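A.B. asks: What follows is a structure written as structure tokens; I'll ask about it next.
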Amino acid sequence: MNDLGTYMAYDYDLLVIGAGSGGVRAARMSATYGAKVAIIEEFRVGGTCVIRGCVPKKLYVYASRFADQFDLAPSFGWQVDASFDWPTLVAAKEKEITRLEAAYTANLEKPGVEIIKERAVVTGPNSIKLLGSGRELTAERLLIATGSHPHIPDIPGAEFGITSNEAFDLPTLPKTILIEGGGYIAVEFATIFAGLGVDTTLIYRGERVLRGFDEDMRIGLEAGLTTRGVRLIYQTTVASLAKMGDAVHATFSDGVTAPFDAVMFATGRRANTRGLGLETAGVKLNEDGSVAVDAYSQSSAPSVYAVGDVTGRAQLTPVAIREGWYFAETVYNNKPLAVDHSIIPTAVFSEPEIGVVGLNEEEAATHGDIDVYVARFRPMQNTLSTKTERMVLKLITEKDEGKVLGVHILGPSAAEMIQLVGIAVGMGATKADFDRTIALHPSAAEELVTFKAPSYTYRDGKKTS
Ligand code: NDP
């Protein structure tokens, strides 16, 4: 019904723009609840995560980790004569994401979602235009799920650099690569390329990679990357790029110039809202260009909703999926649900791997008196070798065996562990709850339930030993 109380005939109940993690889930669930839905996608069904993000990234991380396994193999009696073939990996990855794309497509089609492969722009609060065919479509509601794109610093010669969009499909594996950035993508790709034998340099404007993470995780990762041959250049940026023959010459902010086979920007991602016509629908944007939404993913235009990266809340696939699902529950299943963004377990698939849930030490110390428990040890798989790398598990609790505020893990299987610890932390578990749990031996995770005295504490914001 429109504002005048009369029925308007729309082509659809819901038009979703963007068939990535959030859009697909929202479309599928809304259709399941009886809505007439079309989803519009200009590239490939699956979005960044499936096509050129999480999924291929994890596959490439697996590929890169064989380097560590081959290093360890002799300590267990194995002799390995290994070599790596990049085109084989690229082709295998392509086969897998094509399979996933087909599965996503089938999952949309099953409940009756129409898939339209074109670029769309919004032309009003209830309408869009398809740029290829010129068709106009109307719907009672629009859902913006257009995701985000890699941000490239505005420097001379930026066009000679690549981003994670291109990195998975390079025609040949570069011999040398420069990666700019100190976030998730920079350290994950540094891990991948170094593991595959590429001479890898990471350049970051800050003092240490992964700003915002717990300091022990940052220090441990820095050591791990260095051990694996990654050259780290801090407090420096790429000032310009120039192409000379096959090489890309990077000039740094300190005036140094060096040639690389490839230069990759991993300098954050920005919401895909430019040129989308959202202003025609009266949709307000945040300062960073993302769509401003309320807890139910509704924008300032009542008929327009947005989920996923385009809202700038948390650029993570499971969050987008949850936002898409809760949108459908709220709007099409009469069950208003708001996503809780306060406790989000997250992992960095670097080497060593990092898993985090809750507050880091610095943040927790501002929340009252806390106890910090830290275990550092050589992972068991390394004990037969000369590898000295340490695993770190850190538990941060309110004082005197109180509520667990944060868990930080650096080392093998950190991501798998943190997913499960996240359940306990989300339930408000205390140190005493952890202690009651019987240890599983031998495992690294058992350290989390066998801590005796705190390693150190904070009282009135001050560290005490
Ligand atoms: P991040 O925000 O994690 O990191 C961006 C990095 O680029 C920061 O180190 C930042 O520095 C630096 N940077 C930003 N702008 C500039 C600039 N103009 N010049 C130089 N350096 C700059 O973004 P990513 O690109 O790594 O990843 C995007 C998002 O994707 C992540 O936030 C994450 O949510 C998601 N993601 C999640 C993964 C996972 O869950 N495992 C994996 C990959 C991505 P500074 O620290 O100083 O701001």
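Cβ coordinates are placed from backbone N, Cα and C, and glycine is handled just like the others.
The following feature annotations were taken from TrEMBL:
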- His441: active site, proton acceptor (ACT_SITE)
- Lys58, Thr146, Gly147, Ser148, Asp309: FAD binding site (BINDING)
- Gly181, Gly182, Gly183, Tyr184, Ile185, Ala186, Val187, Glu188, Gly268: NAD(+) binding site (BINDING)
- Cys49-Cys54: disulfide bond (DISULFID)
- 12-324: domain 'FAD/NAD(P)-binding' (DOMAIN)
- 344-450: domain 'Pyridine nucleotide-disulphide oxidoreductase dimerisation' (DOMAIN)
A.B. asks: Those recorded positions, Cys49, Gly181, Gly183, Ile185, Gly268: which ones have a Cβ sitting under 6 Å from ligand 1?
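C.D. replies: From Cys49, Gly181, Gly183, Ile185, Gly268, counting a Cβ under 6 Å from ligand 1 as near, the near ones are Gly181, Gly183, Ile185, Gly268.
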A.B. asks: Pick the one among the binding-site residues Ile185, Val187 whose Cβ has the fewest other Cβ atoms within 10 Å in this structure.
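C.D. replies: Each of the binding-site residues Ile185, Val187 was scored by Cβ atoms within 10 Å; lowest is Ile185.
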A.B. asks: Quick check: in three-state DSSP terms, what is Lys58 (FAD binding site)?
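C.D. replies: Assignment for Lys58 (FAD binding site) reads helix.
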A.B. asks: Among Thr146, Ser148, all listed as binding-site residues, which has the most CB atoms within 10 Å of its CB?
C.D. replies: Thr146
A.B. asks: Between all pairs in Lys58, Thr146, Gly147, Ser148, Asp309 (listed as FAD binders), what's the biggest Cα distance, rounded to the nearest Å?
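C.D. replies: Largest pairwise Cα separation, rounded: 23 Å.
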A.B. asks: Would you mind pulling the DSSP three-state label for Ile185 (NAD(+) binding site)?
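C.D. replies: Going by the DSSP assignment, Ile185 (NAD(+) binding site) falls within a helical segment, counted as helix.
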A.B. asks: For a three-state summary based on DSSP, what are the helix, strand and coil counts in the domain 'Pyridine nucleotide-disulphide oxidoreductase dimerisation' (344-450)?
C.D. replies: 31 helix, 33 strand, 43 coil
A.B. asks: With an 8 Å cut-off on Cβ distance to the Gly181, Gly182, Gly183, Tyr184, Ile185, Ala186, Val187, Glu188, Gly268 Cβ center, who else from the chain surrounds the NAD(+) site?
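C.D. replies: Going along the sequence, the neighbours come out as Phe189, Val209, Leu210, Ala266.
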A.B. asks: Fewest other Cβ atoms within 10 Å: which of the disulfide-bonded residues Cys49, Cys54 wins that one? Let me know.
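C.D. replies: So among Cys49, Cys54, the disulfide-bonded residues given, the one with the fewest Cβ atoms within 10 Å is Cys54.
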A.B. asks: If you count Cβ atoms within 10 Å of the Cβ of Gly268 (NAD(+) binding site), leaving out that atom itself, what do you get?
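C.D. replies: Step by step: centre on the Cβ of Gly268 (NAD(+) binding site), count other Cβ atoms within 10 Å, giving 17.
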A.B. asks: Please report the DSSP secondary structure of Gly147 (FAD binding site), reduced to three states.
C.D. replies: coil
A.B. asks: Just the number: how many Å between the Cα atoms of Asp309 (FAD binding site) and Cys49 (disulfide bond)?
C.D. replies: 11
